[in-house]
Amino acid sequence: MSGREGTGEFRKRKHDNFPHGHRREEKDSINPPSAMTLSFKAFQVELDTKHDKYERLVKLSRDITIESKRVIFLLHRITSAPNGEEILMESETKLDLVRQKIKQVAQELMGEDMYQFHRAISPGLQEYVEAVSFQYFIKTRSLVSIEEINRQLIFSEEDKEEEAKPSSDCHNKQHNTSSLKVTPVDYLLGVADLTGELMRMCINSVGNGDIDTPFELSQFLRQIYDGFSYIGNTGPYEVSKKLYTLKQSLAKVENACYTLKVRGSEIPKHMLADVFSSKTEIIDQEDGLS
């Protein structure tokens, strides 16, 4: 064993005297990035941009869901409110705020394929359809169409000319239009969720002494159920899954109508809501066992 090896020293390499950064710069200068490396860097930037946009859309969809639920909670007060017009006006104001959120979604999706980001915005759109259709039913006792919903989601903007230009040119404005279309699947899922709100409206109206509304709701829900039955298992999986919940809501409303028709004169009006609540719990337990 030599003396150098015995002392535990190691022989330094020739390039160890140069800083590490200097060596990398020298290596990059010798081997510049290839076309494939540049392509993958461009892919990285594109994917990062897409992921950031997706996260922004998820946050907007969450805000749309929250605000739409607040509109639904507000509309449920109409069964006991002395003046329903004030609640309808307040709900319209809140829906306008929801549409401003949807406008931001439409601006994010300008020039993009909406179906690439559909999963991010679908929950919010379904909740918006539920709120709009609930308000529309209270006003007209009918179901809002998907064309009417999409017509409300066309937003126009005016880009004014610069203030430095003469006043004679102030009338020259550019109209930019952005829109967001609710897909048929989101529309059907929102309408399916509407049936649950109509069932709650039925129970609340009975508790307030309104005997006519349950029968009206029963006919309306039967028509919706018949329409969904035509789709059956041929439609998307989410739609067929909602069909079971729709059937439950219809059964509860029909049970309420049956109780009103057969035993309505026996039970005091202030106790009808409690009777219906107990019977709906029995229906839920039977459905859980089956």
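Here the Cβ of each residue, glycine as well, is placed from N, Cα and C on the backbone.
TrEMBL lists 1-33 (among others) with the feature region 'Disordered'.
The compositional bias 'Basic and acidic residues' feature in TrEMBL is assigned to 1-29 (among others).
The number of other Cβ atoms within 10 Å of the Cβ belonging to E130 (Mg(2+) binding site), over all protein chains shown, comes to 24. As annotated by TrEMBL, Mg(2+) binding site applies to E130, E197.
Marked as region 'Disordered' by TrEMBL: 157-177 (among others).
Taken from TrEMBL, the feature compositional bias 'Basic and acidic residues' covers 162-172 (among others).
What TrEMBL records for K279 is SUMO2 cross-link.
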> If you count Cβ atoms within 10 Å of the Cβ of E197 (Mg(2+) binding site), leaving out that atom itself, what do you get?
Replying inline: 19
